[in-house]
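In TrEMBL this protein carries:
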type	residues	note
DOMAIN	39-347	domain 'Glutamyl/glutaminyl-tRNA synthetase class Ib catalytic'
COMPBIAS	140-153	compositional bias 'Polar residues'
REGION	140-159	region 'Disordered'
DOMAIN	350-450	domain 'Glutamyl/glutaminyl-tRNA synthetase class Ib anti-codon binding'
DOMAIN	467-543	domain 'tRNA synthetases class I (E and Q) anti-codon binding'
Amino acid sequence: MTKPDTADNENTDAPPERLDFVRQIVADDCTSGKWDGRVVTRFPPEPNGYLHIGHAKSICLNFGIAAEFGGACHLRFDDTNPVAEEEEYVHSIQQDVRWLGWDWGEHLYFASDYFGQLYEWAVQLVEAGKAYVDDQSAEQVSANRGTLTSPGTDSPYRDRSVEENLDLLTRMKAGEFPDGSRVLRAKIDMASPNVLLRDPVMYRIMHTPHHRTGDAWCIYATYDWAHGQSDSIERVTNSICTLEFENHRPLYDWYLDALGVYHPQQTEFARLNLTYTIMSKRKLLRLVEERLVSGWDDPRLPTIQGLRRRGYTPVAIREFCKTVGVAKFNSTIDVALLEHCLRQDLNKHSPRRMAVLDPIKVVIDNYPEAQVEQLDAINNPEDPSAGTRQTPFSREFYIEREDFMEDPPRKFFRLTPGREVRLRYAYFITCTDVVKDADGNVVELHCTYDPATRGGDSPDGRKVKGTLHWVSAAEAIPAEVRLYDHLFTTEDPEDVAEGEDFTANLNPDSLVTLTGCMLEPSLAAAEPGSRYQFERKGYFCVDPDSAADKPIFNRTVTLKDTWAKLKKKGKTH
Ligand code: ATP
Ligand code: MG
């Protein structure tokens, strides 16, 4: 039996060779003593969906920096919107961060723990004349915000007295008013060129229970009001976020300065985009809810759980994030690079096995009928310490249907009538006869073997061009094998005709299920989650739904490395 991959969670990553611009900022801060030598980062997901490969980039950056600079990285749930958030997501996010190999230690936080402090600060702004209760509807607020080229219009309630604002805010909190009837807004500048500074909403009324605070609150902080202050409360030094928050920074600065509290440094980097991949949580949710995929852990999804079920390793994902690096401009990364990083890791660690996915039976006419031989097979040519195993060989076995052609083209070097080929680790065989059914389909092949070629070597130096994998028929384990391809047919799934959406680009062949595949018997004990290379066929892993009486394997990735090819030709960066 093969060991499952126990090294999965050991994270001994070295920092990237050259400091990226975010790490350079942290390094400079350490040199200048800006934060008294402290380095505190955080990963702040909203618990409204499952994490995906884009989040992995942010996780590796934040936890990586903390690890490299001897600091801490907080896991904080930005759980300010009770409508979309659920405990299920809180749980899965923690599981995924750990699986990726990171540890927040004691630093697990929730923005909802700060609701009381945030409210006190809101009162402070009201008392300072810097926030007011607005009775306009959401539509009116948004209509009066103006446009990028024209200033907004002051709310008729903008100049309420401090006393009136305090009274209304207290009553909002006490639950006196219905949803949407009032909001608390910061009093900044309705003519600011930055639309986000035009009196942004701080609190909205929502009589909705929260997954952690229950019915305690019926007003909820907006993300923008909660986010920067949460970083401040946690005394984060470097608030690292994606580029779309660049124009939120002046607002976060305004809040922190108006309150006169601790002020972290925000730095923005470009989010990860991948070809053939959708990353928005809202769209992933749609795929799950409309059952266009089997669930959040569908192996075709870019979710961490999907990648995991597909057979990805944490090492491969971390290596990918490191290779991609961080930059200040948006770009789309070729998914072939992710697959390349995966193959590099799987190649080193995956035991090799033989499995025939589309079997055709072969009978060796001159092989003794009841004989079974145990032949030595190498477990991993990349790792001599993996040793060898024994695999049975007998008179009847399976090969891939595509490895035989009755009437082959010139460059076909595999089995064909009259031709000798090698069976890996076994013998040279020559095809002597082809059995067909009434419709002319090949159903069985007859061969002869040369007993002198045991182990797959010829004593007289005779050469053969083809080497085939095979599985002995009597001992073979029938299995289901699921072949996955990109979920979308187009590099950019959003590239659609008018009136269509990204689902129009779903790949109808993204999952092909093969039944009646034949595996070598050593795979009988394969544990769910364990990974193998099926010789000549790709990397595969055991699905969690697999059972002894119904083994299921997922194809993680094929052997063909298109990225390595491009790299050779100098077509990658
Ligand atoms: P949505 O898909 O709803 O916009 P989100 O992906 O921003 O949500 P969050 O839970 O807010 O989800 O993300 C947590 C953190 O992960 C944020 O700091 C965000 O910047 C980062 N993040 C999200 N998507 C990516 C991405 N594609 N690349 C890099 N970082 C990302
Ligand atoms: Mg977000």
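Placement of Cβ uses the backbone N, Cα and C atoms for every residue, glycine included.
Bear in mind that the values here come from a model prediction, so they are computed numbers and not experimental data.
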Response to the item:
If one takes Cβ-Cβ under 8 Å and requires six or more residues beyond its ends, the residues near the compositional bias 'Polar residues' (140-153) are 134, 183, 185, 190-191, 195, 198-199, 201
Fill in: Number of helical, extended and coil residues in the domain 'tRNA synthetases class I (E and Q) anti-codon binding' (467-543), per DSSP
9 helix, 32 strand, 36 coil
Worksheet, complete the sentence: Across the domain 'tRNA synthetases class I (E and Q) anti-codon binding' (467-543), the model's average pLDDT, rounded to a whole number, is 97
